[in-house]
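**Q** Below are the features listed in TrEMBL for this protein:
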type	residues	note
DOMAIN	33-202	domain 'Yip1'
TRANSMEM	58-79	transmembrane segment
TRANSMEM	99-120	transmembrane segment
TRANSMEM	132-151	transmembrane segment
TRANSMEM	157-177	transmembrane segment
TRANSMEM	189-211	transmembrane segment
Amino acid sequence: MIGSVPCSHFCYMCGCMVASARTMNLVERAKNIVCQPEAEWPVIEPEQISAQVLYTGYIMPLAAIGPVAMLIGMSLIGLEIPSIGTVRIPLPTLVPQVMVGYGLGLAAVYVLALIIDALAPTFGGKRDRMQALKVAAYGATASWVGGIFHLVPALGILGLLAGCYTLYLFSLGLPVLMKSPPERSLGYAMAIMVAAIVLTAVVGILSAVFVEFPAPGGSMSSDPVSP
């Protein structure tokens, strides 16, 4: 359970006190937003919850799925590369990069929320930073859950399908939370997806810059292909 939220919390995004949200089960919310988003977004819209609670109770746990799966997949299972064999990366080498990427990814959610908020008037919506964070967080659920495919590195590409579904979730959530006209929701969602893709690329680049990734023949290990 995310747990019972105290009577009020200071909202670090808007600088005011907000009332608590109802007790919410993380798994239930994730399942509902993925399986029945048209019904779940109207439930999310009136919820009063602080950025701190949303981060610790929902964003951080779900955003960790991909990094944890990648740690297991790349260190234990490995990636099959033709003519080389199965390549695995030792945990001491992989952990720092994954941790940096995870931290930057959490920051990227906040940046995406700022973009959603800033773009609202352009697409006929109303600016509301906390609602924008809710769109960024709950809309990204499918992508985070899709991170489980990193358990088998060769299946990581399937995570792109989850990304496509994220576009659909955004298009449904924006009219409800940001009050944009339904006929403009797809364009709004596509603009957000472009921003999300750029942020993801930046996170990947910065992770590689801050933590040196081993070159083949370095600290990576491989099982040679049988002749």
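All residue numbers here begin at 1 and follow the chain in the order shown.
Backbone N, Cα and C atoms are what each Cβ position is placed from, and that goes for glycine too.
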**Q** Select the range from 58-79, 132-151, 157-177 that forms the most Cβ-Cβ pairs under 8 Å with the transmembrane segment (189-211).
**A** 157-177
**Q** Grab the same-chain neighbours of the transmembrane segment (132-151) for me: Cβ-Cβ under 8 Å, and only residues 6 or more beyond its ends, written as numbers and ranges.
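**A** Same-chain contacts beyond the flanks: 13, 29-30, 33-34, 40-41, 44, 47, 49, 51, 54, 58-59, 62-63, 65-67, 69-70, 72-74, 77, 109-110, 112-114, 116-117, 120, 157-159, 161-163, 165-166, 169-170, 173-174, 177-178, 192, 196.
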